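Per Swiss-Prot, the features are as follows:
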- 71-87, 275-287: NAD(+) binding site (BINDING)
- Arg94, Arg104, Arg132, Asp218: substrate binding site (BINDING)
- Tyr139: site 'Important for catalysis' (SITE)
- Lys185: site 'Important for catalysis' (SITE)
- Asp218, Asp242, Asp246: Mg(2+) binding site (BINDING)
Amino acid sequence: MPKVITLPGDGIGPEVTAAAVQVLREVAPDVTVEEHAIGGGAYDAHGEPFPTSTRDALKEADAVLLGTVGGAHDSAWNQLPRHLRPESGLLALRKALGCYANLRPVRVQPGLEHLSPLKAELARGVDILIVRELLGGIYFDQDRKIEGDTAYNTMRYTTSEVERVAKVAFWAAEQRKGRVTSVDKANVLEVSELWRRDVQALRDRDYRSIHLNHEYVDSVAMLIVADPSRYDVILTENLFGDILSDLAAVIPGSLGLMPSASLGDGAGLFEPIHGSAPDIAGQGVANPAAAIMSVGMLLRHGLERSEAANQVDRAVALALREQPTRDLGGSADTQTFTRAVLKALGSSPSVG
């Protein structure tokens, strides 16, 4: 049986993860779910934010479902040495899983166009998947230093790094509309010249059915808000992807509607992109939609169960229309929204 490791974490993480697990059990009752610790709570219990017991459990996982990590700015956790802070546990988790491709869907749900800061006619029907390279580029290269009044970082990519993340983008496009926009700055950066060359060569060799075009990152930063429907799958490197994915995250109108997946050669990591929201933790009012949509991504990309993933996506869309949560202008709390999703899936609306 497939095994999913859950890491509820801190703040509202346990609440939204519990909701997500109920949905997972409904659509995939054969999956074994096992909970482990991460983040600030893990430090309190084990003396480290990414305990050995959690690290060992990942070896048997088919997928990992993460809640949220971290506390308030003035929390005692933030006074710890950096390597013991909750966020260090998250970085160690991603490194342990070897996740090199981050998938960030940007979808405006039908009937919720009014939440977007864009005009309704621009927001309507937006459905973008941003595929970001996660382990290379300027963030990870060790050729970096501050020397007096001079500092430098190095952006470096190899063909193998480019190809492995491009394969994820092309594979995703095959499940969608068959269009990939590769984003670079090849007019001024040699590393982007390599990126463009290798992405094009891979497409021409193995993915000839995919329509590929190349755009500069500054152009995409403008067009993703001026004409977002022009995009299907966006593929880009680490730095550009970090910026573009956060820019695009405002389009749906709430971080509570933003799931994500990080994929590598082993178990994938699936998580909502919102923070731990310690100000509302324990009140039962957190929006679990992103965590539940992360289950949809887990089913699709982690367990290869596309039909179950589609069922979750449809149920969430219906629940958002019928029982919007407080951050979306409605009144539903965590349990009420979860009941609505389970009802849409044909389940008993009972929620513990």
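For all residues, glycine too, the Cβ spot is worked out from N, Cα and C.
Summary: among the binding-site residues (Asp242, Asp246), the fewest other C-beta atoms within 10 A of the C-beta are counted at Asp246. Within the set of recorded positions Tyr139, Lys185, Asp242, the entry lying nearest in space to Gly282 (NAD(+) binding site) is Asp242 (CA atoms). Apart from Asp218, Asp242, Asp246, the residues listed for Mg(2+), the same chain places the Cβ atoms of Val217, Ala221, Leu239, Phe240, Gly241, Ile243, Leu244, Ser245, Leu247 within 8 Å of the centroid of those Cβ atoms. Closest to Glu87 (NAD(+) binding site) in space, going by CA atoms and restricting to the recorded positions Arg94, Arg132, Tyr139, Asp218, is Arg94. Of all the recorded positions in the list Arg104, Tyr139, Asp218, the shortest Cα-Cα distance to Gln79 (NAD(+) binding site) is found for Tyr139.
Comparing Lys185 (site 'Important for catalysis') with Asp218 (substrate binding site), their Cα atoms are 8 Å apart once rounded. Listed recorded positions near Arg94 (substrate binding site): none (candidates Gly71, Ser75, His83, Tyr139, Asp246, Pro278; Cα-Cα distance within 10 Å).
Within 10 Å of the C-beta atom of Pro278 (NAD(+) binding site) sit 18 other C-beta atoms, taking all shown protein chains into account. Nearest to Arg104 (substrate binding site) in space, judged by Cα atoms and limited to the recorded positions Gly71, Tyr139, Asp242, is Asp242.
Taking each Cβ in turn and tallying the other Cβ atoms within 10 Å, the top scorer among the binding-site residues Ser75, Gln79 is Ser75. In terms of C-alpha distance, the listed binding-site residues His83, Asp246, Ala286 place Asp246 closest to Asp218 (substrate binding site).
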